[in-house]
Amino acid sequence: MAGGVASVPGALLCTLLWVAAAAGPGGSPAPGTFGRVYRGAVNISAERVYAFSYSSEPGQVDAVRVYVNSSSENLRYPVLFVVRQQKGVLSWQVPLIFRGLYQRTYSYQEVSRTLCPSEPTPETGPSDQIIFVDVASMAPFNIAYELLVTRLKNFQLETNKAFNFTASPSQPQYFLYKFPQDVDSVIIKVVSDAVYPCSVVSVQDIVCPVYDLDHNVEFNGVYQSMTKQAAITVQRKDFPGEQFFVVFVIKPEDYACGGSTPSSVPGKFNRTWNLQRTKNLQVTIVPSIKKSVYVQALFFSFLSFLSFYLGSVVVAFVHYIRVRRKASAGRLSPENGSGIMTSSHPITASTPEGSSYGAIDESSSSGGRQLSSPERRPPAGSDTDSSVEEDSDFDTMPEIESDKNVIRTKVFLYLSDLSRKDRRIVSKKYKIYFWNIITIAVFYALPVIQLVITYQTVVNVTGNQDICYYNFLCAHPLGVLSAFNNILSNVGHMLLGFLFLLIVLRRDILHRRAMEMKDIYTLDYGIPKHFGLFYAMGIALMMEGVLSACYHVCPNYSNFQFDTSFMYMIAGLCMLKLYQTRHPDINASAYSAYASFAVVISLAVLGVVFGKNDMWFWVISSMIHVLASLALSTQIYYMGRFKMDGPDSDLGIFRRAAMVLYTDCIQQCSRPMYMDRMVLLIVGNLVNWSLAIFGLVYRPRDFASYILGIFICNLLLYLAFYIIMKLRSSEKLLPIPLFCIVATAVVWAAALYFFFQTLSSWEETPAESREKNRPCILLGFFDDHDVWHFLSAAALFFSFLVLLTLDDDLDVVRRDKIPVF
């Protein structure tokens, strides 16, 4: 007998053993009928085999679903089910075990699986298919089971037709979808009325086996977690067979979707928990946008902002015509740097009697008058003299004339008192802002671009769409990018930033020409023209567009600071420019300013890491906020006469500030020497202390936006104070700055409306964030956040123009008549 067996070839022996096993105790498989429930019992010596056969029509995809049930909860002796098909084997056990967080286990006695469908046959006639279902157990005693095999009637999903079904952890579902001939891209929309249980939606290629269990659904295809809503965009080019499976898996626990986890109580609690894990779902597959919509969106994005270029050209041309007509009439001298015509005999502006910035006698501004003499002024047009050295700690003016402590302690200060330094030195000082921000932009942007490319690559390779927080109902891919519309909408920042640079360059050139043509006495009129900060603001606006686009390549919690870093710098530069306007000699240097921005960005990064639940971080950050507000207030109130570094540092700045507050406000109740400044600083400190207390109490998770809110509140407060003081000093608002102010307010209001239409939130889990997703609202391509990008770019542009043109009315006013505030 042994020799007979040895003479049988190995392949044939395997075939005989397989047939013998399939035959079972009865000698042949029991023929099965679809739709019939089979009940039986198995043990170590008694197995059961069922054979189900059916015919497939040509070109048809048939799917079969197997339902099994066992009343046994004995995990030591489970019932094993093995399903053999023509090209694959699928097996599982009952009870079916799932593992959750902290190695919790969940067992299910009911299991239902869809078999991998047979491929459509090219034959002209029907083809026969056969399925074997083996039931076995190693138990020494009988274990009862139930078996039901059915053919699925609604296995293939149709375009624009909703389909409802039910799934659970042990009974996953998947369906087939084929691309219609005229559709290149579709969006799979899945909704549910219930938030929990947490589920996973996966798109997989037509390959067997299909990964449809919690522990393996992430092995293949594209997937995302879901509570009430999910959406996946699928392109025909990604599936050579032009068809794919849509897989729905229910997770045994809800922690991945932000839900609670059950306590580790066995027995009855486990059964109760499992009964709650059934979810009703509805899936609808709709065609996505066509290529023509991409082209329309591109044209809309660029033409919308190129219209700003056209408008700027028209304004410049109209202004040029008006200037030429007035010049030809002989009434005005050539234009100055702002484009405003200056009278050959400029007028002076007076301040109303009794105001905080009332007129002072001639002797009070004698220093400024003496500086206006020809002997004190450098040659016109020598702005670019490379031999000019940086500002030193020692002034070369006569002692009494240059003593800043004498000048800056006057009750009423005028612009001539704070614009005494050599114009060439000050101008060169402010140009450092421009060159430094270019260097910062290059070194900051390159690693950011490299990182977000890596993020996008990981998403594309792994298929894990929980990495990035898109608005999946309006995420239009292009190439390797998953949400091209969110990137394209940032083009406005770059185009308008470049336009602002051109406007500033025009003013700079006109100013240089005017300096060459004017007599030297007219140099003492109007606000000193230093354009370095304006150039830096234009670069910052462009970089905000670049970095916002980088952030939206894969928006998530860890890279949000890319989107906010240059926002801090824009807000800071605007405040510095506003302060520099009437304090040109005492504004912060570029090195100090950018070092401060670096500290703020570092604090924001620490907030991303520690700002969630660590109370100690919020205590330290709030203390830093309050102390920085006090230190800056003291510097502003005393016009920079207190130093915190260097050999002449005043380490008792806070003690001296407290002493001044005590003697002036408590002990003597005397009126502050600088009332307007005091009012501004008191209001500013109250606002900042309130923000610090708010952060300490509520500890918002979005620390970066919290810091940005502090910057914006301070900028708006200072701008409002500046405009109020300007009007109070009987200064005018010309039509262009007035239009820009109105446009800024209107566009910012509209932009903020769309900003607060939250479409996603990385403060929550990816599944919870998708509950906020909404369809596109503009051209079928852009969502609310894209509109925010468009409007915020325009609002920032108008805001910059406000700062650029706000004091154009002072170009015909002597500096010793322009108050400082």
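Counting begins at 1 with the first residue displayed.
Each residue, glycine too, has its Cβ placed from N, Cα and C.
Source: prediction; values computed, not measured.
The compositional bias 'Polar residues' annotation in TrEMBL covers 335-354. What TrEMBL lists as compositional bias 'Low complexity' is 363-373. Look at TrEMBL and you will find 386-395 tagged as compositional bias 'Acidic residues'. For 331-395, the entry in TrEMBL reads region 'Disordered'. The feature signal peptide is assigned by TrEMBL to 1-22. What TrEMBL records for 297-321, 433-453, 487-505, 533-554, 560-579, 591-610, 616-638, 678-697, 703-724, 736-756, 787-806 is transmembrane segment.
Only sequence-distant pairs (6 or more apart) were considered; of these, fewer than three Cβ pairs between the transmembrane segment (533-554) and the transmembrane segment (678-697) are under 8 A, so the stretches are not in contact. Stretch with the most C-beta contacts under 8 angstroms to the transmembrane segment (703-724), considering only 433-453, 487-505, 560-579, 616-638: 560-579. Here the transmembrane segment (787-806) has long-range neighbours at 301, 304-305, 308, 338, 486, 489-490, 492-493, 495-497, 499-500, 503-504, 507, 534, 537-538, 541, 544-545, 548, 570, 574, 577-578, 581, 719, 722-723, 726, 733-734, 736-737, 740-741, 743-744, 747-748, 750-751, 754-755, 757, 777-778, meaning same-chain residues at least 6 beyond its ends whose C-beta is under 8 angstroms from one of its own. Stretch with the largest number of CB pairs closer than 8 A to the transmembrane segment (433-453), among 487-505, 560-579, 616-638: 560-579. Long-range Cβ contacts of the transmembrane segment (560-579) within its own chain (Cβ-Cβ under 8 Å, at least 6 residues beyond either end) map to 433, 437, 444, 448, 452, 533-534, 536-537, 540-541, 543-544, 547-548, 550-552, 587-588, 593, 596-597, 600-601, 604-605, 608, 636, 702, 704-705, 707-708, 711-712, 714-715, 718-719, 722, 762, 796, 799-800, 803.
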